[in-house]
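Engineer: Quick paste from TrEMBL:
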TRANSMEM  A:47-65  transmembrane segment
TRANSMEM  A:101-119  transmembrane segment
TRANSMEM  A:149-168  transmembrane segment
TRANSMEM  A:189-208  transmembrane segment
TRANSMEM  A:220-243  transmembrane segment
TRANSMEM  A:250-275  transmembrane segment
Amino acid sequence: MASSENPTSVEYIKHHLQNAQVCKTDEGWVWNHCQDAGFWTFNIDSLFFSFILGALFCFSFWRVAKNAKIENPGRWQSFVEMIVEFVDKSVKDTFHGRNPMIAPLALTIFVWIFLMNLMDLVPVDLLPWAASQAGADYLKVVPTTDANITFSLSLGVFVLIIFYSIKVKGFGGFIGELTLHPFSSKNKFVQVLLIPVNFLMESIGLLAKPVSLALRLFGNLYAGELIFILIAVLMSAGIGGIVGGGISYMIWAIFHILVITLQAFIFMMLTIVYLSMAHEDH
Amino acid sequence: MNINATLFINMIFFVGFVWFCMKFVWPFIIKAIKERQDKIAEGLAASERSQKDLELAQEKAAELLREAKQQSAEIVDSAKKRHAEIVDSAKGDARTEAEKIKNGAMAEIEQEVNRAREQLRSKVATLAVAGAEKVIERNIDAAANNDLFDKLVKEL
């Protein structure tokens, strides 16, 4: 359907799940031959869409912030203020400390992830086809179906969790939180014996936060994208396939509106909760 | 799902966007919302205040009206009283005047009567003397008997 002539279903699916990559090999920087390149590979398409959408968010919201009218705000300003108030309320309900960074962070995460997820609703073949006309062999449109993107967000949050834990509780407090809970004893000797157990449990709990954040978003969007691709494959099966595929594509897209919003909201909410926990002193 | 250097580049984007949002977007939008909320609250308070003012003014107007009614009633009352007084005093004046006139008339009448009686008396005296002169026809010294006549006149 898209680039090469008459691909099999497997080839078609694989093609759609392949990022456009740039990597450094022995022959210098190359495009799309990065199977063995290892770590220094860049998923250009993910980065491109991620940056464009983030910049779109920043620019459109910045224009509202700059021209904010107190009396009779325009439609776009009202919409932006609605989102901002929604995020502000979520933050105030959950986060009780004083930190001017949490709310903007939550807003950025929510809108940015929502926009990246929204790319999932662009018909799967549209942009890759346009790119292939322009000479690019591979293009993956939805940045959040790339684990690199979701992990970059969750690791950013993870760094903040550790930073604020140490800032609020001190380094000793942070270590104490990792080693003295959940099991503790009055007996000093038993306490010392319990430290490795506590440390194991708490550090797994701590590491699970960014991993679960990233994998939840990635898994949901990857699965959603895959179903769109499978429906697109179905459409190649004659007239019945086109009708059935068209209907199921529409149904899945409508359902997906809920999924992408929900996933963006969950990511934001959990970020707030984790950072709120990092600010709490036991 | 292969992790590669994309992650770090996107993390830099992430930091950049959050920083931008924190610096140039969030505070201004929140400020605008806050100011509008304050303004609306102010407006509501003002309307409530003016409502209360209106009620107070209405109360005051009603009170003024009531007072004015009372005053007018008082004025009418006092006017009626004054009217009665004037009528009474006029009556009294008229009565005393009438009395005075009556008294004057009576006194005049009495004077007239007295004068008439005087005249009558003197005339009667002279008539009596003349009668007596004629009856007695004697030379009686009129002067010697004058005191007798006087006594007689007084007795009348």
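Every residue, even glycine, has its Cβ placed from backbone N, Cα and C.
Locate each feature and note its surroundings.
Structural biologist: Among residues of the same chain six or more beyond the transmembrane segment (A:47-65), those with a C-beta under 8 A of the stretch's C-beta atoms are 76-77, 80-81, 107-108, 111-112, 115-116, 119, 141-143, 149.
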Engineer: Mind checking which residues reach the transmembrane segment (A:149-168)? Cβ under 8 Å, same chain, six or more beyond either end.
Structural biologist: 46, 50, 97, 99, 105, 109, 113, 116, 143, 174, 177, 206, 209-211, 213-215, 217-218, 267, 271, 274-275, 277-281
Engineer: Against which stretches of its own chain does the transmembrane segment (A:101-119) lie, if we need a Cβ under 8 Å and a gap of at least six residues from its ends?
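Structural biologist: Residues 49-50, 53-54, 56-57, 61, 83-84, 87-88, 90-91, 95, 141-144, 149, 153, 157, 160, 217, 221, 259-261, 263-265, 267-268, 271-272, 275.
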